[in-house]
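Pasting a structure here, questions to come.
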Amino acid sequence: MAVILDGKMLSAKFREGIKAETEILKHKTGKAPGIAVILAGDDPASNVYVTSKERTAIECGFHSVVERVSANVTTEDILKLVKKFNDDDKIHGILVQLPLPRNCDEKTILRAIKPEKDVDGFHPYNVGLLNIGEDCLMPCTPFGVMNMLADYGIELSGKNAVVIGRSNIVGKPIAAMLLKANATVTICHSKTKNLAEICSKADILVAAMGRPKFVTREFIKTGAVVIDVGINRLDGKLCGDVDYDGVKDMCSFITPVPGGVGPMTITTLMQNTLKAFKMIEKL
Ligand code: NAD
């Protein structure tokens, strides 16, 4: 029977650690880690994420600022906000909530964030460092997955890892992180032939495709570790990219949806903010 990788429990444990360390650093320096989130438009899902980020930051003892601007905002307006937070000594992490309204130039905006405050790890400078295996701020969802694998003591060195999905926020960075952990990594995507056959050789299978319950028994090697990053809605209910009930008896470890990878993402954002604080304040 598979061990369920409990992201809810783990993120609560990590948050306690972040809170305790923040408390100590506040006493020592008189300063707190600060995070600024820019939310443009009124997308309901983005609003929920940002509110949750704000609540978690405050719970961790951080200084938290949220700038909510209308969907009619221009690239220039957002660049001004980014500059304001780049220059603000109380802010150590800046996050621009995606997706941005269509009229905004996402690339230009993300590149304007100072790399040392880029707590989403999307700036090409941090992407480059990740890909040459150097210490940097790393994207939250894949870094959260790595923390989860480490906490459960799952060995990666020499293992066959298959990642389904090649996005810049999940697929590519998790592949780079698994490679750094000495796994042998294959990246699959929408043009990959014989997907199920490739996946069925994986000791570690990461599904990040956004296709509800796509990964079925024929994709799974008996004893595999299965990480489901997908968040989909099917018949009004949340589900992952993996057919959880159909495959779980074949796996050694598996993440549920909800309650697996999802809760780790915001916690990892807090870890990144604390890391940026320590780097910037030279602690
Ligand atoms: P994306 O749409 O940017 O990328 C999806 C990737 O899957 C693409 O590279 C595509 O080639 C691949 N793909 C799509 N259909 C495929 C198929 N039939 N066969 C093989 N490959 C296929 O998505 P994303 O931003 O990487 O997100 C992926 C999923 O993860 C989504 O469900 C998203 O909601 C979820 N997500 C979850 C979190 C979290 O915190 N848990 C964070 C980010 C994304």
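Glycine residues also receive a Cβ, built from the backbone N, Cα and C atoms like all the rest.
Straight out of TrEMBL:
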DOMAIN    5-120  domain 'Tetrahydrofolate dehydrogenase/cyclohydrolase catalytic'
DOMAIN    139-279  domain 'Tetrahydrofolate dehydrogenase/cyclohydrolase NAD(P)-binding'
BINDING   Gly165, Arg166, Ser167, Ile231  NADP(+) binding site
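Help me picture these features in the structure, burial and contacts included.
Mean pLDDT for the domain 'Tetrahydrofolate dehydrogenase/cyclohydrolase catalytic' (5-120) in the predicted structure: 97.
Long-range neighbours of Ser167 (NADP(+) binding site) (same chain, six or more residues apart, CB within less than 8 Å of its CB): Ala208.
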How do the residues of the domain 'Tetrahydrofolate dehydrogenase/cyclohydrolase NAD(P)-binding' (139-279) split into helix, strand and coil according to DSSP?
56 helix, 28 strand, 57 coil
